[in-house]
Amino acid sequence: MENFIDTPINQTASKVQVKQFFTGVYTYMFMALVVSGVVSWYLASSGLFMKWFINMETGSVSPLFYVVAFSPLGLVFLIQAKYKSFSLGALVGLFVLYSSLIGASLSSIFFVYSMGDIAITFFVTAGAFGAMAILGFTTSVDLSKMGSLLYMAFIGIFIAAIVNMFMNSEWLAYLISIVGVFVFTGLTAWEMQRLKAIALDTEISEEDKQKASLMGGLTLYILFINLFISLLHLLGGRD
């Protein structure tokens, strides 16, 4: 009985389990990236970004932009706090809304960086993200302690970024971006290891596992976006 879990049948079942779970995770993540990309590009190219978010008389950012920029924070807290009580359909709807708001706030990058810089940074981000995701999925080293430290660093980065919105310090922005690259890549590896453990857990119900795959997709999406922004600030030449 002790070796039962190691039989080929159970190993195959585990692989199928993991594959199904991560198919859901990456489907949600890619869905969110597509939504954000389409929304950001459309707002920038159609002129709606300038119309809605910039006060043309003063040249300053309108209050609506700050609402759009900060509302995803409240939305993600709501999703994380209530996802167990929400239906899967409601969670998908909130995820789409969240990624749309992120896309709206990201549309400003088209006025700061060239399309070439944005495209190159996206592919660099995808490569770094993919490498760390594979590392987290395959490593046998326990990353749980590292994850706790990195989340503390993530909170520090978030606070520093808020402070710098008022200080507008270029050197602090670069420091945040440099630290952010290490934090977000490290968290990607940690999150992949955590999600793999969830995928292999046979005691989680099918409904809860579907919700967990969505939450995993949400977390990976957030990490990807933050890594992209950090790298864009470091690699992109401002227009």
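Cβ coordinates come from backbone N, Cα and C, glycine included.
Where the annotation comes from TrEMBL, it is an automatic prediction and has not been curated.
Note that the structure is a prediction, hence the values are computed from the model and not measured.
Database features, via TrEMBL:
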type	residues	note
TRANSMEM	21-44	transmembrane segment
TRANSMEM	64-81	transmembrane segment
TRANSMEM	88-112	transmembrane segment
TRANSMEM	118-137	transmembrane segment
TRANSMEM	149-167	transmembrane segment
TRANSMEM	173-192	transmembrane segment
TRANSMEM	213-235	transmembrane segment
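Residues of the same chain lying 6 or more positions beyond the ends of the transmembrane segment (88-112) and with a Cβ under 8 Å from any Cβ of it are 28, 31-33, 35-41, 43-45, 49, 53, 65, 68-69, 71-72, 75-76, 78-79, 118, 207, 210-211, 214, 217-218, 221, 225, 229, 232, 236, 238-239. Contact between the transmembrane segment (64-81) and the transmembrane segment (149-167) is absent: fewer than three CB pairs lie under 8 Å, with pairs separated by 6 or more positions in sequence.
Take the transmembrane segment (173-192) and the stretches 21-44, 118-137, 149-167, 213-235: counting Cβ pairs under 8 Å, 213-235 has the most. The stretch in closest packing with the transmembrane segment (21-44), judged by the count of Cβ pairs under 8 Å and taken from 118-137, 149-167, 213-235, is 213-235. Outside the transmembrane segment (149-167), and at least 6 residues removed from its termini, the chain residues within Cβ reach (under 8 Å) are 173, 175-176, 179-180, 183-184, 186-187, 190.
Residues 21-22, 24-29, 31-33, 36, 76, 79-80, 83, 88, 91-92, 95, 98-99, 102, 106, 109, 113, 117-118, 120-122, 124-125, 128-129, 133, 173-174, 176-178, 180-181, 184-185, 187-188, 191, 195, 198 of the same chain, all 6+ positions outside the transmembrane segment (213-235), place their C-beta atoms under 8 angstroms from a C-beta of that stretch.
Only residues 6 or more beyond the boundaries of the transmembrane segment (118-137), in the same chain, are considered here, and those with a CB under 8 A from a CB of the stretch are 109-110, 143, 181, 185-186, 188-193, 196, 220, 223-224, 227-228, 231-232, 235-236.
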